[in-house]
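Participant: Have a look at the structure that comes next, please.
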Amino acid sequence: MTIRLAINGFGRIGRNVLRALYTGHYREQLQVVAINDLGDAAVNAHLFQYDSVHGHFPGEVEHDAESLRVMGDRIAVSAIRNPAELPWKSLGVDIVLECTGLFTSRDKAAAHLQAGAGKVLISAPGKDVEATVVYGVNHEVLRASHRIVSNASCTTNCLAPVAQVLHRELGIEHGLMTTIHAYTNDQNLSDVYHPDLYRARSATQSMIPTKTGAAEAVGLVLPELAGKLTGLAVRVPVINVSLVDLTVQVARDTSVDEVNRLLREASEGSPVLGYNTQPLVSVDFNHDPRSSIFDANHTKVSGRLVKAMAWYDNEWGFSNRMLDSALALAAARD
């Protein structure tokens with residue numbers, strides 16, 4: 001049976017989720033029946049079809065005041081500010097993909113349930129949610145009774161697969177992560193007022209240190225790592241693709257060869273973890289659907305101190321995981 005999805009918020013992630021559904025292997029199992037966004041339908045259709053990062057959408061796209069038509073499929077569109085007023089019940093929505101960045105707490109996301117949706121999957125770290133999921137790492141924790149779930153962040157989705165392997169095989173005692181992260185829409189092209197003084201500065205002109213909860217969130221995904229990891233972000237002037245730089249102290253001495261072997265073996269057959277030995281740079285991973293691509297070229301070891309790096313397309317990889325997690329949530333059993 002096809003799972004009926006609605007997308008709330010048609011920004012970078014919302015649009016890429018829809019693109020991934022139509023250009024990937026998801027259409028036989030998933031159907032987007034509705035999109036709610038406060039923007040004009042004509043503008044949203046144009047932005048969906050033409051993308052500065054991911055190129056032209058390969059299929060036919062049409063629109064009218066009440067719908068977006070993608071490759072012959074009609075998707076109802078609305079512009080309703082209060083999620084509790086959305087027509088999810090009449091549209092038979094099984095799962096809402098909450099992509100606005102606004103309704104990330106359990107209380108706020110519950111408005112979708114009031115509107116008649118079966119479940120909610122949040123495209124961001126969530127507060128007081130029933131589960132935080134990194135597909136390919138802990139999605140087996142999902143249960144049919146879970147109704148409001150977080151898909152974590154793009155950075156946690158990159159970090160968790162690598163940390164899982166290192167902890168399982170070597171025993172992480174503690175560690176620090178830096179994500180060297182592409183700029184995003186919560187920054188500004190030029191200097192402008194922002195309560196975070198770092199993010200008040202031009203995204204295109206500086207490397208900008210800022211905070212992230214991605215490392216701590218790994219403890220929600222892998223409870224055995226709770227309290228062992230922390231980190232920060234450095235936003236850099238590239239439009240897409242980011243890099244996790246992880247340094248951990250492990251329980252025993254190891255070597256570059258062993259660390260690389262462990263990650264290579266873990267990547268074989270993994271739906272989310274890749275392994276790279278080529279001399280590649282960030283642009284080479286643009287539009288890569290994997291969550292985390294470990295780069296064996298940059299592994300460093302000093303006794304029990306290990307540095308590992310992994311690339312991730314912070315838009316496309318995460319958008320694909322939203323669909324994978326939606327499938328896992330729909331299939332979950334108690």
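Backbone N, Cα and C define each Cβ position, glycine as well.
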Participant: Let me know which member of R168, R199, R252 Swiss-Prot also records as binding D-glyceraldehyde 3-phosphate at the site of S153, C154, T155, T184, T212, G213, R235.
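Facilitator: Between R168, R199, R252, Swiss-Prot records just one in the D-glyceraldehyde 3-phosphate site with S153, C154, T155, T184, T212, G213, R235, namely R199.
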Participant: Just counting, how many other CB atoms are there within 10 A of the CB of G213 (D-glyceraldehyde 3-phosphate binding site)?
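Facilitator: Neighbour count, Cβ to Cβ under the 10 Å cut-off: 16.
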Participant: Can you count the other CB atoms that lie within 10 A of the CB of T212 (D-glyceraldehyde 3-phosphate binding site)?
Facilitator: 21
Participant: Name the secondary structure element type, per DSSP in three states, that contains R199 (D-glyceraldehyde 3-phosphate binding site).
Facilitator: coil
Participant: If H, G and I count as helix, E and B as strand, and all else as coil, what does DSSP give for G213 (D-glyceraldehyde 3-phosphate binding site)?
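Facilitator: Going by the DSSP assignment, G213 (D-glyceraldehyde 3-phosphate binding site) belongs to neither helix nor strand, so it counts as coil.
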Participant: What is the one among the binding-site residues S153, N314 whose Cβ has the most other Cβ atoms less than or equal to 10 Å away?
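Facilitator: When each Cβ's neighbours within 10 Å are tallied, N314 tops the list.
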